[in-house]
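Right, one structure below, let's go through it.
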Amino acid sequence: MSTHNVWTHKGTFLLAAVGSAVGLGNLWRFPYLTGENGGGAFILVYALTIFAVGIPILIAETMLGRNSRQSPIMGMRYLTRTHNTSRAWESIGWLGAASAFLILSFYSVIAGWAIHYTWQMLTGSLSGADAETIGAGFDALLASPALLTLYHTLFIIASGLIVAMGIHRGIESGLRIMMPALFVILLLVLGYGVANGDFGAAARFLFTFNIADLSLEGWLAAMGQSFFTLSLGMGAIMAYGAYMSSEASLTRTAVAVAFVDTAVAMVAGLAIFSLVFGAGLSPGQGPGLMFVTLPMAFAEMPLGALIGGVFFILVLGAAISSSISLIEPVAAFLVERFDLTRPQAVTTMVVASWALGLLTVVSFNIYAEGTIFHALFGRSAFDFIELLTNIFMPLGGLLIALFAGWALTHAEVMKEMRTSETWFSIWRFLVRFVAPAAVAFVFLRSIPQIEGYLIPTIGALVIVGAFAAGRTFLIDHSQEQ
Ligand code: PFF
């Protein structure tokens, strides 16, 4: 069993990358962050970051995967050897594996909430319920470790089974059904929102750009969201890139992934806010927007149980196609490095991540306070794990941009990108300077959330160190240009 195979079709990488990118980030996180941060202005910054930073790093990460044709860890080991660079760059692979493991642990718990709501919608138990009942229902869900664990377990097993079946039978065929179904259902919900909600108010809210509405916090949230939503800096895209056909165009594919991902977020935003404004609800609900506010809208509308059920199935499909991309890089590594079979590798990753997920489960109830995490970091285990990934992802993106920008030769990049000198120069300028600077900005800003100054200082040193490493270890190659 080899993991070094190639997707069956030239276009499958696009499908897989879109599957990875489109997830809870688009349907749940994007609308609530937009709602909290004043609408249009947030979207403007988000879109600018996607195009100036997201796409160049997306190209860089895919390039590293396709160039090495191995899992991120083994692939980076190969690249450091063939490019005569320090083995420290292998940390890109390890950091990615660590983030994948951490993200999967809580992503699965949150996706599990969608199982709960799918069930509640389809059985009609929320039909006609008032706001208070629905809010209390959400609180009751969070208060139950048993329910949360059940849903978390179901979700992670489903994701694991798909990856265990391999990239062709499992991931490819799964995506081929899931992605188109997802778009159809999303359009259906949008159609319903247009017909029955307040589409005009939603469009005004999302597309009236008043930059003065945006706080510094909002700027940073918009940039952070653009990394999370494109699945950058984690090795997920690198692992999928390793299976990408050599003929497929990198640049065009990256632009298409970013375009589809952004389009899905926009359509989700329009659909959700049409329903929210139509029901006279407030957009700035925070994380509860999808899981509390939408069921309220669904409870009031005719056919709400059906539309709501379909909507939460869509959320589940999007979350599964993202979570399989979190399992794949680690599983592929275990297969390559330890000669495990694919099912063994997937089981190892999934069981470990499932166990860690239990920490997230109890963070909402029995250990909502008073744990060692609160004592040491002033936050619950879940918030701490999420914070770690918020640091690891931009750091991974930064290192990927630096490695691709400085270590790969002109010829290698041109072979991958097959583009004009002008586009090459623009891309290289973006990954060498613009993307690292932007990431450093987000990175540094995300850290002071931990109180005190020690960690920001360490963060600054790490970033300066990364730049220094880029220059020092890669000097041979930068001279070739
Ligand atoms: N991009 C996914 C989303 O928007 O939900 C989340 C994600 C998936 C992040 C895979 C990172 C990753 F590697």
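Note that the numbers count up from 1, one per residue, in the order the chain is shown.
Using N, Cα and C of the backbone, Cβ positions are placed for all residues, glycine too.
Unlike curated entries, TrEMBL annotations are predicted automatically.
Under the heading transmembrane segment, TrEMBL lists 12-30 (among others).
Here TrEMBL flags 42-64 (among others) as transmembrane segment. Sequence-distant contacts of the transmembrane segment (42-64), counting only residues of its own chain at least 6 positions beyond either end whose CB sits under 8 Å from a CB of the stretch, comprise 13, 17, 30, 33-34, 75-76, 79, 92, 206-207, 209, 211, 213-214, 218-219, 221-223, 225-227, 229-230, 232-233, 235, 237-238, 240-241, 244, 250-251, 253-255, 257-258, 261-262, 266, 269, 397, 400-401, 403-405, 408, 413, 416-417, 427, 430-431, 434-435, 438-439.
Here the transmembrane segment (92-115) has Cβ contacts under 8 Å with residues 23-24, 28, 64, 71-77, 141, 148, 150-152, 154-156, 159, 233-236, 238, 291, 312, 315-316, 319-320, 322-323, 326-327, 329-330, 333, 349-350, 352-354, 356-357, 359-361, 382, 385-386, 388-389, 392-393, 395-396, 399-400, 403 of the same chain, all six or more residues outside its ends. Summarising the annotation, TrEMBL assigns transmembrane segment to 92-115 (among others).
With a threshold of 8 Å between CB atoms, the same-chain residues lying at least 6 positions outside the transmembrane segment (148-167) that come near it are 1, 3, 5, 7, 104, 108-109, 111-113, 115-116, 141-142, 174, 243, 316, 319-320, 323-324, 327-328, 331, 342-343, 346-347, 349-350, 353-354, 357-358, 360-361, 364-365. Here TrEMBL flags 148-167 (among others) as transmembrane segment.
Annotation source TrEMBL lists transmembrane segment at 179-207 (among others). Long-range contacts of the transmembrane segment (179-207) within the same chain: residues 15, 18-19, 22, 34, 39-40, 43, 264, 266-279, 283, 297, 301, 307, 310-311, 313-314, 317-318, 321, each at least 6 residues beyond the stretch ends and with a Cβ under 8 Å from a Cβ of the stretch.
Nonlocal intrachain contacts for the transmembrane segment (219-243), taken as residues 6+ away from its ends with a CB within less than 8 angstroms of a stretch CB, comprise 3-7, 12-13, 16-17, 20-21, 23, 25-26, 29-30, 33, 36-37, 42-43, 45-46, 49-50, 53-54, 57-58, 61-66, 68-73, 75, 92-93, 96-97, 99-100, 103, 167, 257-258, 261, 265, 322, 325-326, 328-329, 332, 390, 392-398, 400, 438-439, 441-442, 445-446. If you look up TrEMBL, you'll see 219-243 (among others) marked as transmembrane segment.
The transmembrane segment annotation in TrEMBL covers 255-281 (among others).
The annotation transmembrane segment is assigned in TrEMBL to 301-334 (among others).
The annotation transmembrane segment is assigned in TrEMBL to 346-367 (among others).
Taken from TrEMBL, the feature transmembrane segment applies to 387-408 (among others).
Feature annotation from TrEMBL assigns transmembrane segment to 429-447 (among others).
Residues or ranges marked as transmembrane segment in TrEMBL: 453-474 (among others).
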Short question: which residues 6 or more past the ends of the transmembrane segment (346-367) have a Cβ under 8 Å from it?
101-102, 104-106, 108-109, 142-145, 148-149, 152-153, 156-157, 159-160, 163-164, 327, 330-331, 334, 340, 380-383, 385
Best-contacting stretch, by C-beta pairs under 8 Å, relative to the transmembrane segment (12-30) and drawn from 255-281, 301-334, 387-408:
301-334
